[in-house]
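Sequence annotations record features per position, and here TrEMBL assigns domain 'EamA' to 8-141. If you look up TrEMBL, you'll see 9-27, 39-57, 73-92, 104-121, 128-145, 151-167, 179-196, 212-230, 242-261, 273-291 marked as transmembrane segment.
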Amino acid sequence: MQAANPRRGYILGLTAYIIWGLFPIYFKVIAAVPAVEIIIHRVLWSALFGSLLLMVWKHPGWWRELRENPRRLAILALSGTLIAANWLTYVWSVNNGRMLEASLGYYINPLINVLLGMLLLGERLRRLQWVAVGLAAIGVAQQVWQVGSLPWVSLVLALTFGFYGLIRKQAPVQALPGLVVETWMLVPLALGWLLLHPETSTAHLEFWSSSQAWWLVAAGPVTLIPLVSFNAAARHLPYTTLGFLQYLAPTLVLLEAVLLFDEHLSSSTLTAFMFIWAGLLVYSVDIWLSLRKRS
C-alpha cells in the first residue's frame, strides 16, 4: 500500500476542486449546444474514456463483483440517474445566467448531507450541527421571502448530489468503476434521445469538423480528470481536509459569476450567502471540535 503523501494529496485535491470550479468557463465555451445535448455527450464520452482508463489501470475484479450483485447494479442505475439530473441542472444554470444559484447549491450541499443523515439514516445531530442547518434554512427562507420563489436551482443541485452520495454509500464501489457503470447504464437512453432527435446540431457532419466538436468530446476527460484526482487525493489526505477544500469550487463559481459573466449579486442574495457561510463556519467548527475530542 502506498504511504500517505500530504503534499501530493493537497496538489491532487486542489487540482480536482479547481477544475470543478472552472467548469462554468468550459460550459460557456459550448453554450451554443443545448444543455440536454451537452449531457448526452458527457454521458457518452465519459463512458468511453472511463472504460479506456479502466483497461489501462486494470482494476481487478470490479465487473465480476458487480455482475454477481444485481442489487448494486440497481443502486448504480439510480445513482446514475441522479448524477445526470445534477449535471443537467448545473449546465442549464451556467448557460442561463444562474451561476450564483449553482454556487449557493454547492455551498449548502454539506448541510443537506447532514440533514439527510438525520432524516434517513437515523443519525443524531450535535447542537452545533443543528445551528448550522438552521442558519442555512434561514438563508434559503430569506431568498424565498425576498424573491418570492424557491431558489430551485440551488435546491435541486444540493438535493440530487446529496441523495447521490447517500445512495452510492449503499453500493461500495470505487469511484471510477462506479462512474463508468453509471454512465454506461445511461448510454442506451442517450443514444435513444439522439435517434429521436435527428435534427440536433451535433447530428450533422458539419458540426464534427468544427472546433466545438472537440470541446464536446473533451466532456469525457473533463468529467473524469477531477474525479480521478479527488480519488487519489483521498488516499493521501484526511477526509475532513478534503471536506474543507470542497468550498473552493463554489467560491470559484461565485467569483466567475460576478467578475467574468456579470451576474448581479443583489443584497438579498448576498444576505442568503452570508447566512449559509455562517452555517458552514459553525459546521466546520463542529468538525474541528469533534476531531479534537477524539484525539
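Any Cβ shown, glycine's included, is placed from N, Cα and C.
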Counting only residues 6 or more past its boundaries, what in the same chain has a CB within less than 8 Å of a CB in the transmembrane segment (151-167)?
75, 78-79, 82-83, 85-86, 89-90, 92-93, 98, 101-102, 104-106, 108-109, 112-113, 116-117, 120-121, 140, 143-144, 272
Same chain only, please: residues at least 6 beyond the ends of the transmembrane segment (39-57) with a C-beta under 8 Å from a C-beta of the stretch. Say none if there are none.
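Sequence-distant neighbours of the transmembrane segment (39-57): 33, 84, 87-88, 91, 176-177, 179-180, 183-184, 186-187, 190-191, 193-194, 202, 216-221, 223-224, 228.
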Take a look at 9-27, 73-92, 104-121, 128-145, 179-196 and tell me which one has the most Cβ pairs under 8 Å to the transmembrane segment (273-291).
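Answer is 128-145, with the largest number of Cβ pairs below 8 Å.
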With DSSP as the reference, give the number of residues of the domain 'EamA' (8-141) in helix, strand and coil.
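Taking the domain 'EamA' (8-141) as a whole: 115 helix, 0 strand, 19 coil.
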